[in-house]
Structure formats: structure tokens, C-alpha cells
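Engineer: Okay, these came from Swiss-Prot:
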type	residues	note
BINDING	10, 11, 12, 13, 14, 15, 16, 17, 18, 19, 20	ATP binding site
BINDING	188, 197, 200, 203	Zn(2+) binding site
């Protein structure tokens, strides 16, 4: 298994950017892969491109627009408003069915062609917002499936799986990239960079985590 190279599933948001710089500390060669699935917050792809260009990281954007046709949701459809809070039952309407399944599967195909075994993704079960494809059991299951499907030894690594947003901010701080993550990323479902709209679930979670992180710094 090649332990010197890694591919990061990279959206241009807080979590994946933190994982990208975490990977740069651990591996000699890091490649970032993003997806265009006709997301409303497509400005995140511009953030991803800008970050990779600025910090000299090889970057690829794969076309997955088909996902928008298959799975109507508030992240890809202009006529669906993003839920401001998670529903009591079921998944939020911002959940894109099959997104992480497809992202990781396509990245695995890409990785195998490059002779890379390690795939890094920023999913977290601690702050998973009700998304079933961010759970550890799903990632472990998919890892086994991909290995069997392609007769290849992949290792899917999830640095944020068991930490919350405050701890993710602390990781960025410890890596020396806090300002990059704070100012140059886009997490907002409404496509507003840095602090975002302040109203969507992603912005609320990001802000709550940052305030908790600030308290940690003061102690």
C-alpha cells in the first residue's frame, strides 16, 4: 500500500479544507478532488479552486450533474428552500441521497488509476446534521465494498469522525491554518463565503462551534 500519497474529497468548506491541510502535513503528495453536482452553493467550487491554486495543490473537479436529476433537494433545486432546522423525523431536505456514496466511489476509481490507496473525507458523526452517509458504520462498510468491487486496497480516513465543530476549529488552529479556514472557505448552503448567511443549518453549526472554540482559547 502506498502510504505517501492521498486524495482528499474537497468541497472548499470548513471540514474538507481542514482535512486538506491535515493531509498536507502527513503525506508527501496530496491531490484534491471536488464535484460539480449543480449545487446552489456552487461558489464553493471557486473557493476550492482558489485554495488549491494559492497553496499549490493538484486539483480536479468531476462532473456529477446527474445527481441533481436523481435526487431533488434544497441544495440543488432553486424551488426548494433549505430547512432552517433539522426535522423531528427523517432527514433534512438538504440531504442529497447518495452523495457521499457516489463521491467516494468516483474518488476511489480516480485513486486506483493514480496508484493511490488513501482517501480522506471530512465527514463527522459527531456533527452529522442527520445525514446517514456521514456515519462511521457507512464509511467502514463502503471501504470494504470498494475494496471488493475493485480488488484494490483502499483506506478511507476520516480525521473529523469523532470530533465536533469546536474541535474542528481547534484542529485548524493547531495546523496553523485557522485564518485560511475562517476567511477562505464556504460552508453556507446559500453560497456566502466565510461567516455565511448565519441562518442555514451549516452556518449555525459553524458559528456555534467557533464560539465554543473561542471560549477554549480564553481558558
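Quick reminder: no glycine exception, Cβ is built from N, Cα and C everywhere.
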Engineer: Of the binding-site residues 10, 12, 16, 18, 20, which one has its Cα closest to the Cα of residue 197 (Zn(2+) binding site)?
Structural biologist: 12
Engineer: List the Cα distance (Å, whole number) between residue 12 (ATP binding site) and residue 188 (Zn(2+) binding site).
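Structural biologist: Spelling it out, the Cα of residue 12 (ATP binding site) and the Cα of residue 188 (Zn(2+) binding site) are 11 Å apart.
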Engineer: For residue 14 (ATP binding site), name the DSSP secondary structure in the helix/strand/coil scheme.
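Structural biologist: For residue 14 (ATP binding site) - judged by DSSP and reduced to three states - the answer is helix.
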Engineer: In three-state terms from DSSP, label residue 188 (Zn(2+) binding site) for me.
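Structural biologist: For residue 188 (Zn(2+) binding site) - judged by DSSP and reduced to three states - the answer is coil.
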Engineer: Work out the three-state DSSP category of residue 203 (Zn(2+) binding site).
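Structural biologist: For residue 203 (Zn(2+) binding site) - judged by DSSP and reduced to three states - the answer is helix.
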